[in-house]
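Below you'll find the structure, written out as structure tokens, and then a few comments.
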Amino acid sequence: MQLHKPVLLKDVIENLEINPEGIYVDLTLGYAGHSSEILKKLSSKGKLIGFDQDSFAIEKSRQRLSQISDNFVLINDNFVNFKVYLDKMNISFVDGFLLDLGVSSVQLDFAHRGFSYSKLGPLDMRMNLDQPLKADDIVNGYDQESLCKIFIENADVKLAKQVAKGIVNNRPIKDTLELVEVIRSSLPAALVRKKNPAKAVFQAIRIAVNDELIVLKKFLAQSLDFLKKDSKMLIITFHSIEDRIVKDFFKRQVKNKHDRRLPIMEQKDYQVKTIKPTEEEIAQNRRAKSSKLRIIKKL
């Protein structure tokens with residue numbers, strides 16, 4: 001199995017400013033691309049905690065990380081539940097959080113997971129294979145209005161109403177490639193030639209299946225309480241919807257606490273910055289093209 005190539009790896013490691021004795025939480029472990037480099041920098045007193053819903057990813061990461069060190073804990077659950085596990089471990093503060101919100105290339109490569117719009121597979125798209133809701137339930141079960149809402153809110157799908165109507169009129173849709181064909185045939189030829197419209201539709205359905213935006217918002221609301229002074233949270237985003245959520249959340253944290261009209265020195269509790277991939281990284285890793293690394297530091 002070819003390992004998932006982590007995006008913005010150098011920037012992540014540099015900006016985490018890893019304390020060898022610190023506690024670092026990778027909330028989207030994947031195949032430990034980022035985590036393996038974090039673990040290499042930790043001493044025996046440090047700890048890495050990794051979350052992933054995908055049990056296959058957890059097992060592969062365990063094998064990979066075990067070759068580096070044993071001071072890690074892997075948790076097969078959605079990162080939205082991170083607080084429950086940190087409380088169980090009596091951890092009140094961490095030295096860094098990392099989220100990589102992209103779908104791993106391994107998940108895309110496995111046609112049977114149904115994430116890829118270029119491979120024949122079932123309409124699945126579940127990151128947690130134990131959950132009941134699948135892409136098939138949405139594609140073949142939701143009404144036109146609900147589909148349209150998902151397409152607009154999760155991916156800004158162009159001509160979402162036409163795509164939703166096309167799906168409803170062509171049911172039952174059996175697999176990923178049939179869905180791609182239905183999407184393409186629902187839209188004007190000029191739009192289809194310009195850009196593969198299936199990409200945004202698949203993104204919207206995947207987000208709905210896994211409740212990704214709600215999970216992200218719930219996590220952000222609890223996250224900063226766990227950061228130590230001078231520690232950071234790093235979030236890699238890949239599309240405008242999730243990026244806007246992170247950007248707006250960070251923006252609210254750095255807002256001046258005092259009325260600007262008052263003669264009081266500006267007080268800020270957080271510092272933020274954004275990093276984009278270099279042309280060199282994009283050339284080496286196509287996935288990096290749409291990525292952004294957003295960083296918030298507790299002061």
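Note that Cβ sites are derived from N, Cα and C of the backbone, with glycine treated the same way.
Note that the structure is predicted; figures quoted are calculated from it, not measured.
For Ala32, Gly33, His34, Asp52, Phe79, Asp100, Gln107, the entry in Swiss-Prot reads S-adenosyl-L-methionine binding site, with the evidence type sequence analysis. Summarising the environment of Gly33 (S-adenosyl-L-methionine binding site), the number of other Cβ atoms within 10 Å of its Cβ, over all protein chains shown, is 21. The DSSP secondary structure for Gly33 (S-adenosyl-L-methionine binding site) is helix.
Of all Cα pairs drawn from Ala32, Gly33, His34, Asp52, Phe79, Asp100, Gln107, which the record names as binding S-adenosyl-L-methionine, the longest spans 18 Å.
Around Asp100 (S-adenosyl-L-methionine binding site), taking its Cβ as the centre, 27 other Cβ atoms fall within 10 Å, counting all chains.
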